[in-house]
Amino acid sequence: MRQLTTFRNQFDFQSIRWKDMIRWFPGHMHKGMKDLEQSLPRVDGIIEIHDARIPHSGRNPQFYQRLIAGHKPHILILNKSDMADPKYLNKSIEYIQTEQPNVQVVQTSLTTIDLKEMTKMFGHLLQQIVEMPRYSRSSKSEYNIIVCGIPNVGKSTFINKLRNLFANKSSCEQVGANPGVTRTMSEKVKISNRPKVYIRDSPGILEPRLKSADESFRLLLTNSIPIQQRQLSDIIADYGLFLLNKYGKQREYMKYCELDRPTDDIVTLLLSLAKIKHCTQIYGDKRGYDLTGTALHFVNELNKGTFGRITFDQDILDAREEGKFSDATLFKTNSGQMRKSI
Ligand SMILES: Nc1nc2c(ncn2[C@@H]2O[C@H](COP(=O)(O)OP(=O)(O)OP(=O)(O)O)[C@@H](O)[C@H]2O)c(=O)[nH]1
């Protein structure tokens, strides 16, 4: 067992057949993408929702640029900011606005936002949409807004908040802890009378091809891609530990896993955690620790914020700030080459 005082500075993806183990583009996403493209001519604005912990990973600015061609307001809500590192919230907004100057970016936490803040935020979003020239749609007096983004970022939560706020209706959209709850475009819902505003939810959509292992693993850690193979959970837990160490977040996992020192060895951590949580299973005629189940537990806790607020894309924001990258050449592969990840 390794007992290191220094930590890995790179994660070894090469020995893993990660591409074979992750399925992130199921049939409904392909259909969702087509539906979204078809509905766009009738849409007056896009509200994209994304996870504030991954301002880079999983976003595809070109996709939206192609869809709306800069002619319609595109507002980006960086949600789940309650779980992102507060030091990186503004940096995330700056990062996106440098990449996409036409996008209005706001950050929020839809689980903690109160009525007053929600009213203010939506009023602000609506103003952007209403004030933008309407081109061919100018004859109509109603506004249609579409809510989109990758799976599990809070799209349904946002629509439910709006319904409650403006229409006085109880929650109708299904909100889920698992990604992919919304599978089709929802019916439009009226959320304001003057002006008449309708809003529609869309299924979570990811790019058909993810560009790097880092990006994919960050989407797994934030539950935008489901962990479909249990055996993958050990590797994802190891990647989570790698990031916690890289970002200096040892204190919280040491406390939770009752470790007396930081570790870079996932087996050491999982064994300690399995003991505390009594996570065991029968192997033949013996009972032993269930490290795979414990790894899943560790990943869930990391995603829930148990080990503190973390911005998984912190390295990208730091590198951009330090001027180390001139363009979107962001994730480093194990071959040592820089790789375009957008
Ligand atoms: N901590 C935290 N959790 C949130 C926030 N917003 C949403 N959630 C949780 O994130 C999970 C996913 O929320 P949904 O609203 O179902 O996400 P979605 O984008 O509609 O998901 P899909 O249907 O998969 O596309 C749920 O468990 C929500 O309670 C937030 O601001 N903070």
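Going from the start of the chain as shown, residues are counted 1 onward.
Just so you know, glycine gets a Cβ as well, placed from its N, Cα and C.
Take the GTP site that TrEMBL assigns to Asn79, Lys80, Ser81, Asp82, Asn152, Val153, Gly154, Lys155, Ser156, Thr157: the candidate from Gly204, Gly240, Gly248 listed for it is Gly204. Site extent for GTP: among the recorded binding residues Asn79, Lys80, Ser81, Asp82, Asn152, Val153, Gly154, Lys155, Ser156, Thr157, Gly204, the largest C-alpha separation is 21 Å. Restricting the average to the domain 'G' (145-214) gives a pLDDT of 74. Ser156 (GTP binding site) has a Cβ environment of 23 other Cβ atoms inside 10 Å.
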